[in-house]
């Protein structure tokens with residue numbers, strides 16, 4: 001299993017999860033499942049992966065905590081008077097982990113987004129589920145700081161960081177010296193860049209690193 005997290009919201013976690021899931025299921029014939037423990041702002045991410053991987057579970061199994069408002073989970077849960085139940089998340093996790101040979105778990109927002117007001121963060125959910133992590137990052141200016149902070153935060157929680165996948169939301173040609181940016185993340189973060197995604201059909205990802 002792998003936990004797909006990111007340096008921020010909107011960085012492309014769902015997009016990258018879809019690419020990884022489709023490759024593992026349809027090109028490597030690995031029985032691959034998906035779990036989105038918490039989704040704020042609708043059910044679109046979960047529905048996208050359910051369709052892409054042709055999963056037969058109901059959406060409430062794939063996404064046990066669904067919040068209507070596109071806000072931090074702790075805020076959305078408070079506004080909607082809907083306490084986040086870790087037991088329900090664990091039930092879905094156990095069911096899916098036992099059914100599938102490989103489970104993709106996708107986070108919401110970044111690693112330090114609060115799930116509860118008691119300082120239970122998204123990174124604590126990763127620890128709770130016992131999963132290693134992959135960080136989805138972007139190539140643009142500012143990404144070095146965001147990526148290195150994310151790596152440090154995860155490692156301080158004892159989470160194994162398997163690598164970073166760069167999701168090119170913008171064309172790489174428009175990013176100045178992106179090779180040096182990637183090299184800086186690699187060297188300063190002591191982490192492998194295991195993938196670069198240009199679009200849904202053009203990507204270079206070390207899938208062995210993900211499943212190994």
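Each residue, glycine too, has its Cβ placed from N, Cα and C.
Some features that Swiss-Prot has for this protein:
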BINDING   10, 11, 12, 13, 14, 15, 45, 106, 107, 108, 109, 167, 168  ATP binding site
BINDING   14, 45, 106  Mg(2+) binding site
ACT_SITE  36  active site
BINDING   40  substrate binding site
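Look at the binding-site residues 10, 12, 107, 109 and count other Cβ atoms within 10 Å of each Cβ; 10 has the fewest.
The C-beta environment of residue 45 (ATP binding site), restricted to residues of the same chain at least 6 apart in sequence and closer than 8 Å, consists of 13, 14, 36, 39, 63, 106. If you take the C-beta of residue 168 (ATP binding site) and look for same-chain residues 6 or more apart in sequence within under 8 angstroms, you find 138, 139, 196, 197, 198, 199. Reduced to three states, the DSSP call for residue 12 (ATP binding site) is coil. Rounded to the nearest whole angstrom, the C-alpha distance between residue 107 (ATP binding site) and residue 40 (substrate binding site) is 11. The secondary structure of residue 45 (ATP binding site), as reduced to three states from DSSP, is helical. All protein chains included, residue 40 (substrate binding site) registers 23 other Cβ atoms within 10 Å of its own Cβ.
Binding residues for ATP (10, 11, 12, 13, 14, 15, 45, 106, 107, 108, 109, 167, 168) extend across at most 19 Å, taking the greatest CA-CA distance. According to DSSP, residue 168 (ATP binding site) sits in a coil region rather than a helix or strand. The two recorded residues, residue 12 (ATP binding site) and residue 40 (substrate binding site), have Cα atoms 15 Å apart.
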